[in-house]
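Below is one structure, written out as structure tokens, with a few remarks after it.
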Amino acid sequence: MTERLTLPSPAKLNLMLHILGRREDGYHELQTLFQFLDYGDEMTFAVRDDGVIQLHTEFADVPHDSNLIVKAAKKLQEQSGCSLGIDIWIDKILPMGGGIGGGSSNAATTLLGLNHLWQLGWDEDRLAALGLTLGADVPVFVRGHAAFAEGVGEKLTPVDPEEPWYVVLVPQVSVSTAEIFSDPLLTRNSSPIKVRPVPKGNSRNDCLPVVARRYPDVRNALNLLGKFTEAKLTGTGSCVFGGFPNKAEADKVSALLTETLTGFVAKGSNVSMLHRKLQSLL
């Protein structure tokens, strides 16, 4: 049995995000397009035989047992009946509250990594169903393919959009998703997209006007990046991104903007680097 494993935990972008309405349970019906970035955190797992689950990386303001990584490990342990435990370390570079999926990605990497190390043999459907109980964005990371998502984000249809290079700007604010979705001015009546693949003109994010109004730092990032390409918001932010046809152009724009803003350049990918790594282990 492999005792130790290091895996990537990639970021995602929402290439568009339409809000169709509010459900009776308070959640919103969405349509969104997920694509991964070849950029993310790195997680290391080491099996222990005493059943203890221990995250060794501390997160400010997040108690150990409330961390989504620990919750994912405990749920998988409970539902599988596995007697093994795990030590977990994370090299964290994805921002919290950035809209690029940091917590959801970490939870999915934990589920897939432990399924491998504990030799549980769970299939993707079962892992994705467990992931959904942790958060609406977890299943797309479990499945590892770019997808058109509906419902609260859990109904996934694989898609293969173009894979440009992206400049991603990271305003130094954490946006509250709950705050944005409860804003009275949020658009909640977008018409559903029924055409597949999603037409290119449908790249709007319904959250953008509300986030830009509430967060001047996000508005500033959108304006600056918008001088070079179409600047978009991912999820409810705070991260802002724009696509470029090649790395050289993306690097050039990033160099100009990151003199005053935090950001990075990454390649878009329709198959997550986590799944490419797991495939190489087979």
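Even glycines carry a Cβ here, placed using N, Cα and C.
TrEMBL entries are annotated by machine, without manual review.
Features of the protein shown, as given by TrEMBL:
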type: ACT_SITE; residues: Lys12; note: active site
type: DOMAIN; residues: 67-144; note: domain 'GHMP kinase N-terminal'
type: BINDING; residues: Pro95, Met96, Gly97, Gly98, Gly99, Ile100, Gly101, Gly102, Gly103, Ser104, Ser105; note: ATP binding site
type: ACT_SITE; residues: Asp137; note: active site
type: DOMAIN; residues: 207-255; note: domain 'GHMP kinase C-terminal'
(message) Looking only at the domain 'GHMP kinase C-terminal' (207-255), how are its residues distributed among DSSP helix, strand and coil?
(response) 26 helix, 7 strand, 16 coil
(message) So among Pro95, Gly99, Gly101, Gly103, all listed as binding-site residues, which is physically nearest to Lys12 (active site)? Use the C-alpha atoms.
(response) Gly101
(message) Between Gly101, Gly103, which of the binding-site residues has its C-beta surrounded by the fewest other C-beta atoms within 10 Å?
(response) Gly103
(request) Name the one residue among Gly97, Gly99, Gly101 whose Cα is closest in three-dimensional space to that of Asp137 (active site); these are the binding-site residues. (result) Gly101
(message) Long-range neighbours only, meaning 6 or more apart in sequence with Cβ under 8 Å: which ones does Gly99 (ATP binding site) have?
(response) Asn14, Val175, Leu233, Thr234, Gly235, Thr236, Gly237, Ser238, Cys239
(request) Looking only at the domain 'GHMP kinase N-terminal' (67-144), report the model's average pLDDT. (result) 96
(message) Other residues near the ATP site, CB within 8 A of the CB centroid of Pro95, Met96, Gly97, Gly98, Gly99, Ile100, Gly101, Gly102, Gly103, Ser104, Ser105?
(response) Ala11, Leu94, Gly235
(request) Could you check what DSSP calls Gly97 (ATP binding site) once collapsed to helix, strand or coil? (result) coil
